[in-house]
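Right, one structure below, let's go through it.
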Amino acid sequence: MSIAGFVALVTVYLGLNSSLNLLNKWALGIYGFRFPFLLTTAHMSFSFLVLAPFALRTPWEAHRATLRRSWRGVVYIGAFMALNIALNNVSLQDISLTLNQVIRSAIPAVTCLLAVFVEGHVPSRREAAGVLTLTLGVMAVVWQGRATGRAYAVLFCMAATVCNGAMMTFSGKVMSEKLDVVSLTFYTAPVSLFCLLPFFLKFELAKLMAYLPENPQGAAYVLLLTSINALAYNLVHTLMIKRTSAVTTTVLGMIKIVGLLLLSTFLLGEGRELTPSMTAGCIMAVTGFAVYSHTRLTETRATTGVRVISLEGDEEAGRPVKGLGASAAVFRQPSTPKSSE
């Protein structure tokens, strides 16, 4: 992928991530559509129905072969996605938003740790240090000095964080098995829907029956608008994991929080709200992001290597360059022949 393409992908990913968060916050909070499980099940149902015509163009034998090879990963991703949403929403009933955000800030570190066991990717010391610094920095940014929560809510929030990291890690593993973005989203949607449906029936169905007669059109608009945004985000989110890695995607999501805070400070004049702990957190987060990004770029260049070709045609032509691996070869300028006397 070219640099311009990567920048465009990251920009679209962060834009859709922000818009989906804002839409969900507006719908569930300001507008009063307090049905988070219904909202998520609607997103999954919409994704499945829209992607079905594209996914089903593939012969059934191809679907069977794909699911036979990757069904465990598909089930894990769908289930962990549903558990992440369900457990986090339930925990918010008895935990402060500050403590919730502090715990959720550990997602990059959790994903990095799980990648060791699921993907077999052991991070270097600098990569791990970058992720840890970023995580601690974001925690300092979102900390507001007071956090309350019942024990079960804290445990549920921690479990949701682990589920989020597991979902990201298994997505990275499945995408490495040549499963395309549309197919993965299509396969995981019904799994998540199946897992979320009991929560909706238990906690929201009765309330929805009382809400719908008074707000039928508003509910339809909310579900449609957020579902379109969620489908676009899920596709781009999966593509981000495929093009980069699960850890990189979570790191970008965390640095987005710091970026929005800095933008609001300098563009919207909210500098008075920037406390010393938040300032230190921003510095730590940006430093961790820089260290992680530099380490990943260095590793990518070392893995790719540089292949150069000898123009001399001697026995050393094509000799690997020390430190670059066998994929790189020596480049030699043709030597100038000495004149005989």
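FYI, residue positions are counted from 1 along the chain as it appears here.
Including glycine, each Cβ sits where the backbone N, Cα and C put it.
Model confidence over the domain 'Sugar phosphate transporter' (9-293) is summarised by a mean pLDDT of 86. Positions annotated as domain 'Sugar phosphate transporter' by TrEMBL: 9-293.
Taken from TrEMBL, the feature transmembrane segment applies to 28-52 (among others). Using a Cβ-Cβ cut-off under 8 Å and counting only residues 6 or more beyond its ends in the same chain, the transmembrane segment (28-52) has close neighbours at 82, 85-86, 89, 182, 185-186, 189-190, 192-193, 196-197, 199-200, 203-204, 207-208, 211, 215, 218-219, 222-224, 226-228, 230-231, 234.
According to TrEMBL, the transmembrane segment annotation covers 73-90 (among others).
Residues or ranges marked as transmembrane segment by TrEMBL: 102-121 (among others).
Taken from TrEMBL, the feature transmembrane segment applies to 128-145 (among others).
Taken from TrEMBL, the feature transmembrane segment applies to 151-170 (among others).
Under the heading transmembrane segment, TrEMBL lists 182-201 (among others).
As annotated by TrEMBL, transmembrane segment applies to 221-240 (among others).
TrEMBL lists 247-268 (among others) with the feature transmembrane segment.
According to TrEMBL, the transmembrane segment annotation covers 274-292 (among others).
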Same-chain Cβ contacts of the transmembrane segment (274-292) under 8 Å, 6 or more residues past its ends? 126-127, 129-143, 248, 251, 254-255, 258, 261-262, 265
